[in-house]
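Student: Pulled the feature table from TrEMBL, pasting it below:
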- 2-212: domain 'ABC-2 type transporter transmembrane' (DOMAIN)
- 20-37: transmembrane segment (TRANSMEM)
- 49-65: transmembrane segment (TRANSMEM)
- 105-125: transmembrane segment (TRANSMEM)
- 132-156: transmembrane segment (TRANSMEM)
- 162-182: transmembrane segment (TRANSMEM)
- 194-213: transmembrane segment (TRANSMEM)
- 240-263: transmembrane segment (TRANSMEM)
Amino acid sequence: MACLWKQHLSYWRNPPYTAVRFFFTTIIALLFGTIFWDLGTKTSKKIDLFNAMGSMYAAVIFIGVQNCSSVQPVVAVERTVFYRERAAGMYSALPYAFGQVMIELPYILIQSVLYGVIVYAMIGFEWTAVKFFWYIFFMYFTLLYFTFYGMLTVGITPNHNIAAIVSAAFYGIWNLFSGFIVPRPRIPIWWRWYYWACPVAWTLYGLVTSQFGDIEERLEDTDQVVSDFLRSYFGFKHSFLGVVAVMVVVFAVLFAFLFAFAIKMLNFQKR
């Protein structure tokens, strides 16, 4: 608890990180809301579904990468302080890692709700409690695993400059295998396994399926209803939504655990 309180004070006194993140999120939300204005109500054509999925995909990449990049210098500084305080016998690695992970939870929740409310209203997705909850849920855990991934890259590298290079290597890979550029059924079978290992793919699966996977209206430019088109073109099944929700939580927990493990086992302190 002492480490958590220390992190709370550190974040509270660091508006260049916390406040700027909220400001950036608000600007991106308003930008996407105006670009994709009232798109969520249009499900009569395939292009409408592609555009809606594009809004989700762009948000995940823009805000997720920004979270990952912005947390790296913060964690790098905090790790330097941790080395000094651990040498003084104040606390060990795991309490520090626990505090660093836990302090992000409320800030990212505020960020997710801030983005979700603005975009959900402006794009015009269906206003039901369940669908709105799913949207906030997937955005929350997506931003969590991006943030924890940024922390992990700092944990396994000597400084945040190298961490930025390491993390950037996976941005492109996650982008390619997200299922947006190349849908899963069209990915070569020998590479399809990586689709299931890509966290962004699970996020898009959850966001699209939770919003459109239960719609039975027929598309004008095909003989399929919306749910059948999502199943045949993207491989998205509404019945799989529960598993998808579990997987985005698993990725967030996995990256947080690996960060704690890296902090405990690796030491980049220069004497």
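We number each residue from 1, going along the chain as drawn.
Each residue, glycine too, has its Cβ placed from N, Cα and C.
Show me how these features fit into the structure around them.
Tutor: If one looks beyond the transmembrane segment (105-125) by at least 6 residues along the same chain, the residues whose Cβ comes under 8 Å of a Cβ in the stretch are 11, 18, 21-22, 25-26, 28-30, 32-34, 36-41, 52, 55, 59, 63, 67, 131-132, 135-136, 139-140, 143-144, 147, 211.
For the transmembrane segment (132-156), same-chain residues at least 6 beyond its ends with a Cβ under 8 Å from one of its own Cβ atoms are 59-60, 63-65, 67-72, 75-76, 79, 100-101, 104-105, 108-109, 111-113, 115-116, 120, 125, 163-164, 166-167, 170, 199-200, 203, 206-207, 210-211, 241, 245, 248-249, 251-252, 254-256, 258-259, 262-263, 266.
With a threshold of 8 Å between CB atoms, the same-chain residues lying at least 6 positions outside the transmembrane segment (194-213) that come near it are 40, 43, 49, 52-53, 56-57, 60-61, 64, 125-126, 131, 134-135, 137-139, 142, 145, 173-175, 177-180, 184, 187, 226-227, 230, 234, 236-238, 240-241, 244-245, 247-248, 251.
Within its own chain, the transmembrane segment (240-263) is flanked in space by residues 79, 82, 93-94, 96-98, 100-101, 134, 137-138, 141-142, 144-145, 148-149, 151-152, 155-156, 199, 202-203, 205-206, 209-210, 213, which lie at least six positions past its ends and keep a Cβ under 8 Å from the stretch.
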Student: What same-chain residues lie close to the transmembrane segment (20-37): Cβ under 8 Å, and 6 or more beyond its ends?
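Tutor: For the transmembrane segment (20-37), the far contacts come to 51-52, 54-55, 58-59, 62-63, 66-67, 70, 107, 110-111, 114-115, 118-119, 121-124.
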